[in-house]
Amino acid sequence: MHPNISLPEPFIASMAKILPDPTQLADFIAACQRPLRKSIRVNTLKISVAEFCQRAAEKEWQLTPVPWCENGFWIDADESLVPLGNTAEHMAGLFYIQEASSMMPVSALFMGNAHYDSVLDMAAAPGSKTTQMAALMDNQGVLVANEFSASRVKVLHANIERCGIRNTALSNFDGCVFGGWLPERFDAVLIDAPCSGEGTIRKDPDAMKNWSLESIQSIANTQKALIESAFQALKVGGTLVYSTCTLSREENQQVCWHLKQTYGDAVSFESLGNLFEHASLALTEEGFLHIFPQMYDCEGFFVAKIRKLASVPTPEVNKRLGKFPFNKASHKQQAEIAQQLHKSLGIELPSDAQVWLRDNDVWLFPEALEPLLGELRFSRMGIKIAEAHKSGYRWQHQVATCLASSSASHSVELDTTQAREWFMGRDVRPEGQSGQGEVIIRYANDVIGLGKWVGNRVKNGLPRELVRDKNLF
């Protein structure tokens, strides 16, 4: 039990009115006061689900499949000595700690093995859904990950970096700008909207601290502006998923109906009744999923899937972006960089990526990003792969974690003690080995970074945001 969880009487009264079965009110309250089951999602950019399950069994982790996400599991693991977030598997990006309900919006967006070349994640931090979508896109196409809060962009980037993702472009704007700045540019848009967080009670005892009916209405007005912008940015025929981790109809069904009332027949609601077995328990008349915590023993959540059937008016805007600071590498330059990368580390450049240059920095952008360059100011695009020096190229961390395979020949395998040192940002000395230049670092056959030989020592190249200081595996 969570005895500290306080449910305001007006909140309980409002829930009693909207529960699909009013007799479930006691079950709803009891569910809100139960601790939340921990869940994870396997990052298939790094490891297959079958391989991960085998490794989990070796660690005596008990996994229970999440029915709406084939890569998701509830997990029962002994964290008395090492938290899940400090395990080698997590730090190597093999899995993401993600609440089970929050896996549902992305599953809805990619339902039926849908394929998209350009996707917008309008409110992306901390990155659970961005990384989930990148894995389903298999690092192909372009995924614009926007976050309004500048401080949260750092966390978003760290998670993208840890998970070996290379097809993202990060931006830092109010989501309301996209309809005017990038009208009809995306095959799919996910808006996991800022909300009152009523569904998060089980993991946050203070979730209801500032709850009020007045604040819900204010938040709903923001959500309506965001869903309009998301719909405007969507191509005709494209798919929009709107989701929240809250329960009120004002922030959920009524926001979707606002879109329908605004754009009429251009808006089509698509049923999620077949998303997973027993989805009918949460299905609304419109085909949305309105999930209360007692239904599937998870967080409260709402998911709606919407199709755009026709163009709609978009705002006229005046953009002042300034000169784009990157230059596209010539075919000759890209070929030279590709040759040097293969010679140094045995790594091939992906065929769907382009090399761009900024001063001495060498970047790899997703090819599908090029039409958006000059249309929006991005805070970070693709991955930095090298710095050019007189003596050649100095390769960067993400060239290993995003492009190298576990069978990489130009690599060194660390033992457990050395791997702990590595993740704490320290140099390592592999026994009986020495070399020159950069070297791919592996642990348990997973690529965990890039170092540089200095005699018999490997200089640590782990980015600062990924360094841990204690309590490691």
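Here, residue 1 is simply the first one shown, and the rest follow in order.
Even glycines carry a Cβ here, placed using N, Cα and C.
What Swiss-Prot records for Ala123, Ala124, Ala125, Pro126, Gly127, Ser128, Lys129, Glu147, Asp174, Asp192 is S-adenosyl-L-methionine binding site. Residues annotated as active site, nucleophile in Swiss-Prot: Cys245.
Annotated features, which come from Swiss-Prot, shown on the structure.
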| residue | record | DSSP class |
| --- | --- | --- |
| Ala123 | S-adenosyl-L-methionine binding site | coil |
| Lys129 | S-adenosyl-L-methionine binding site | helix |
| Asp174 | S-adenosyl-L-methionine binding site | coil |
| Cys245 | active site, nucleophile | coil |
Rounded to a whole angstrom, what is the C-alpha distance between Asp174 (S-adenosyl-L-methionine binding site) and Cys245 (active site, nucleophile)? 20
Between the residue listed as 'active site, nucleophile' and Gly127 (S-adenosyl-L-methionine binding site): CA-CA distance (Å): 15
Looking only at Cβ atoms, how many others are within 10 Å of the one on Ala123 (S-adenosyl-L-methionine binding site)? 21
Pop the Cα-Cα gap between Cys245 (active site, nucleophile) and Ala123 (S-adenosyl-L-methionine binding site) into the table, whole Å please. 13
Identify, in sequence order, the residues in the chain of Lys129 (S-adenosyl-L-methionine binding site) that are 6 or more apart from it along the sequence and have a CB within less than 8 Å of its CB; answer 'none' if there are none. Ser102, Pro105, Val106, Asp121, Leu190, Asp192
Euclidean distance between Cα atoms of Cys245 (active site, nucleophile) and Ala125 (S-adenosyl-L-methionine binding site), Å: 14
What whole-number distance in angstrom separates the two most remote CA atoms of the S-adenosyl-L-methionine-binding residues Ala123, Ala124, Ala125, Pro126, Gly127, Ser128, Lys129, Glu147, Asp174, Asp192? 19
Chain-internal residues, separated by at least six, CB under 8 A from the residue listed as 'active site, nucleophile': Ser101, Ser102, Asp192, Cys195, Gly197, Glu198, Gly199, Thr200, Glu299, Gly300, Phe301, Phe302
What number of additional C-beta atoms lies within 10 angstroms of the C-beta atom of Gly127 (S-adenosyl-L-methionine binding site)? 27
Residue, out of the binding-site residues Ala125, Asp174, whose Cβ gathers the largest set of other Cβ atoms within 10 Å: Ala125
